[in-house]
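Here's what TrEMBL has on this protein:
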- Ser155: active site, charge relay system (ACT_SITE)
- Asp281: active site, charge relay system (ACT_SITE)
- His309: active site, charge relay system (ACT_SITE)
- 75-315: domain 'AB hydrolase-1' (DOMAIN)
Amino acid sequence: MRAPAGAVAGPAPHTSDYPAPWWLPGGHLQTILPATVFGAPPVAYRRERWTTPDDDFIDVDWHATSAAPATSGRPLLVLFHGLEGSAESHYARALMTVAAARGWQAAVPHFRSCSGELNRLPRFYHSGDAAEIDWILRRMRARAPHAPLFVAGVSLGANALLCWLGQQAQDAAWVRAAAAVSAPIDLERAGDALGRGLNMIYTRHFLATLKRKSLAKLARFPGLFDADAVRAARDLRAFDDLVTAPLHGFAGVDDYWRRASSRRWLQHIAVPTLLLNAANDPFTPLGTLPGPGEVSPSVLIERPAQGGHVGFATGTLGEAMRRTSNGWLAARLAAFFDDYTETDHG
């Protein structure tokens with residue numbers, strides 16, 4: 001789908017006040033250490049299992065302080081996690097904690113197979129899964145019809161959310177505001193970047209769990225794909241061509257990455273949306289990030305010079321090691337959503 005004729009560009013990208021610690025230089029360290037060493041304080045969740053429209057299931061983790069949504073008008077924040085992420089990902093714990101401190105309801109719906117239990121059907125989840133985003137958010141809205149609804153996505157979840165926002169356009173106006181963090185809006189260039197050099201660190205990390213779950217799926221559904229080829233896959237291009245693309249109706253990896261990329265939908269977004277990518281994100285080369293002519297006026301592009309991929313650590317090394325801080329990212333997203341808590345925004 002092409003951008004509408006006469007589309008008005010969004011505001012020019014701007015940097016932010018993210019204060020990268022002097023002791024944490026470079027995109028790789030800013031990505032790896034927050035995810036593996038620093039983390040965020042633990043969160044108590046309560047879990048619900050939801051049946052999907054195709055008779056599968058997902059698990060939704062609610063912050064334990066969230067009230068029964070049907071009776072509460074407090075804002076509801078929904079977070080869609082990244083590739084092989086979960087409610088226990090460092091960014092999820094941080095954002096859930098900050099949201100709960102504001103008195104908001106907060107939930108993390110898990111993509112299929114990401115809650116610790118393999119889903120029932122052959123399919124998994126993918127970067128352009130706008131249909132999955134759609135039914136989840138509509139059920140959230142039905143559960144909390146009087147609550148301002150805020151939606152955030154991280155990495156894969158951010159790309160899928162942007163696809164949904166663009167495809168729905170004005171029909172998504174019941175979402176008060178949205179935020180997309182470290183979104184790989186050009187999957188081909190992001191996927192190829194992850195197949196080179198130091199980025200293979202991330203690829204090996206992702207493939208470890210993706211292969212394990214795929215082989216478990218193959219035991220349930222013999223002949224679904226070639227087990228030896230899956231074991232031999234060395235990058236996401238090979239894995240997506242063998243597993244993700246055919247399981248989700250794509251002709252192959254090139255078709256999948258092209259059709260599932262959110263870049264082409266950015267000019268159609270009508271919901272106020274923060275698009276936050278660090279300029280040194282190893283997953284998304286700077287040239288893949290959008291300019292103001294590629295987004296609608298509803299999209300605010302924020303491009304910190306530092307931060308890595310969903311990193312954005314702050315404070316001293318001691319504070320980071322003690323996991324006493326929820327970091328800059330959660331506070332930035334909450335502050336953005338704060339601007340839309342009043343009813344006259346929606």
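Placement of Cβ uses the backbone N, Cα and C atoms for every residue, glycine included.
Just so you know, TrEMBL annotations never went through curation; they're auto-generated.
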Intrachain C-beta neighbours of His309 (active site, charge relay system), sequence separation six or more, cut-off 8 angstroms:
Gly27, Thr31, Ser155, Ser182, Tyr202, Ala278, Asp281, Pro282, Phe283, Thr284
In all the protein chains shown, the tally of other Cβ atoms within 10 Å of the Cβ of Ser155 (active site, charge relay system) is 27
Asp281 (active site, charge relay system) has how many other Cβ neighbours within 10 Å of its own Cβ?
29
Averaged pLDDT score, the domain 'AB hydrolase-1' (75-315):
96
Give the three-state DSSP assignment (helix, strand or coil) for His309 (active site, charge relay system).
coil
